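Per TrEMBL, the feature carbamoyl phosphate binding site maps to SER51, THR52, ARG53, THR54, GLN78, ARG102, HIS129, PRO130, CYS131, GLN132, CYS258, LEU259, ARG286. The annotation L-ornithine binding site is assigned in TrEMBL to ASN160, ASP218, SER222, MET223. Positions annotated as domain 'Aspartate/ornithine carbamoyltransferase carbamoyl-P binding' by TrEMBL: 2-142. Look at TrEMBL and you will find 149-297 tagged as domain 'Aspartate/ornithine carbamoyltransferase Asp/Orn-binding'.
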Amino acid sequence: MRHYLKFTDFTREEYDYLFERTVKLKALHKAGELYQPFRGRVLGMIFEKSSTRTRVSFEAGMAQFGGHAMFMQSKDTQLGRGEPIEDVAQVISRMVDIVMVRTYEQTIIERFAENSKVPVINGLTNEYHPCQIMADIFTYIEHRGPITGKTVAWIGDSNNVSRTWLQAARIFDFKLNLACPRGYEMTLLGDEAYGADHFEQFYDPYQAARNADIVTTDVSVSMGYERETLQRKKDFINYRVNEKVMLQAKADAVFMHCLPAHRGEEVDPEVIDGPQSLVWDEAENRMHTQKAVMEYLLLGKIED
Ligand code: CP
Ligand code: NVA
């Protein structure tokens with residue numbers, strides 16, 4: 001049994017397979033053809049934080065597969081009243097076939113997975129957001145071809161999304177330039193050591209964006225960090241993706257954002273709503289890529 005708790009849980013070969021599968025599953029869906037390998041199966045979804053895209057993409061994907069997705073907000077379950085995560089995992093995984101968890105510390109989802117009888121997928125933690133970066137890389141490849149050898153410029157916080165880009169940089173062999181205010185630099189976790197081919201820390205957004213193929217950003221105040229809002233709004237004031245930042249990047253560069261976005265804060269409307277932006281395809285591809293992940297975790301490789 002496999003889990004998908006961080007981007008490095010799959011190999012490059014597995015991502016190649018999952019992207020091939022995503023192309024097929026997306027085409028079937030667009031053609032209106034029914035493919036229901038999950039009839040009678042249930043996805044349990046535990047949310048300790050808010051969500052639009054993650055909930056809708058998993059729930060819609062599961063329905064398309066002929067299964068059922070069960071939405072649980074921790075505050076409405078006994079988890080919100082202090083039931084140990086290990087006990088919750090034991091109970092839920094006896095009744096459902098696969099679980100998605102959105103929570104705070106990565107250790108919480110790890111403890112859940114250790115006690116789960118079924119595969120567990122990370123739907124975002126404080127440290128990582130693997131499903132997001134899988135969809136982002138798939139979207140880039142759809143529009144521009146291979147990401148290997150390219151440069152991704154991240155303008156903003158060293159958060160769960162940028163740390164997942166960093167994990168992906170080594171697997172897909174691209175470079176991540178990260179520009180953030182002093183005091184918000186990327187902290188490398190566990191065995192995350194990176195050479196200059198894969199990661200460079202900047203403080204100037206213009207320098208980070210120079211010759212980039214992808215320019216991307218995210219909210220400066222992630223869920224769970226709300227008490228730092230006032231300070232962060234001040235600290236990140238010069239870390240906004242505007243047209244001048246985009247002009248530093250390559251002429252055919254794309255803009256990406258995991259959403260939700262805050263126009264006038266981390267990104268200008270001219271950029272996110274402009275011709276280089278891929279944000280809507282990125283959001284839609286959450287569903288197609290996650291269908292491939294769920295199919296792989298439950299059924300293994302599909303030979304056609
Ligand atoms: N990008 C993303 O995960 O969005 P939600 O918080 O709406 O799920
Ligand atoms: N970094 C953001 C991503 C939201 C999808 C957060 O964790 O709130």
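Quick reminder: no glycine exception, Cβ is built from N, Cα and C everywhere.
Annotated features taken from TrEMBL, shown on the structure.
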| residue | record | Cβ contacts under 8 Å, 6 or more apart |
| --- | --- | --- |
| SER51 | carbamoyl phosphate binding site | ARG102, GLY123, LEU124 |
| GLN78 | carbamoyl phosphate binding site | VAL88 |
| HIS129 | carbamoyl phosphate binding site | ASN122, ASN160, VAL161, THR164, CYS258 |
| CYS131 | carbamoyl phosphate binding site | TYR4, THR54, ILE121, ASN122, GLY123, LEU124, ARG286, THR289, GLN290, VAL293 |
| ASP218 | L-ornithine binding site | GLY156, ASP157, ASN159, VAL161, SER162, HIS257, CYS258, GLU266 |
| SER222 | L-ornithine binding site | ASN126, ASP157, ASN159, ASN160 |
| MET223 | L-ornithine binding site | LYS49, SER50, LEU124 |
Could you tally the C-beta atoms, other than its own, that fall within 10 angstroms of the C-beta of ARG53 (carbamoyl phosphate binding site)? 19
Entries of GLN78, ASP218, SER222 (binding-site residues) sitting next to ligand 1, with Cβ under 6 Å as the cut-off: none
Find the longest CA to CA distance in the recorded L-ornithine-binding set ASN160, ASP218, SER222, MET223; express it in Å as a whole number. 12
For the domain 'Aspartate/ornithine carbamoyltransferase Asp/Orn-binding' (149-297), give the DSSP counts of helix residues, strand residues and coil residues. 57 helix, 26 strand, 66 coil
Under a threshold of 6 Å between Cβ and any atom of ligand 2, which of the binding-site residues CYS131, SER222, MET223, ARG286 are retained? SER222, MET223
Cβ within 8 Å of the L-ornithine site centroid (ASN160, ASP218, SER222, MET223 excluded): which residues? LEU124, ASN126, HIS129, ASP157, ASN159, VAL161, VAL219, GLY224, TYR225
What DSSP gives for HIS129 (carbamoyl phosphate binding site), in three states, is coil
For a three-state summary based on DSSP, what are the helix, strand and coil counts in the domain 'Aspartate/ornithine carbamoyltransferase carbamoyl-P binding' (2-142)? 71 helix, 21 strand, 49 coil
Just counting, how many other CB atoms are there within 10 A of the CB of CYS258 (carbamoyl phosphate binding site)? 25
Taking the domain 'Aspartate/ornithine carbamoyltransferase carbamoyl-P binding' (2-142) alone, what is its mean pLDDT? 98
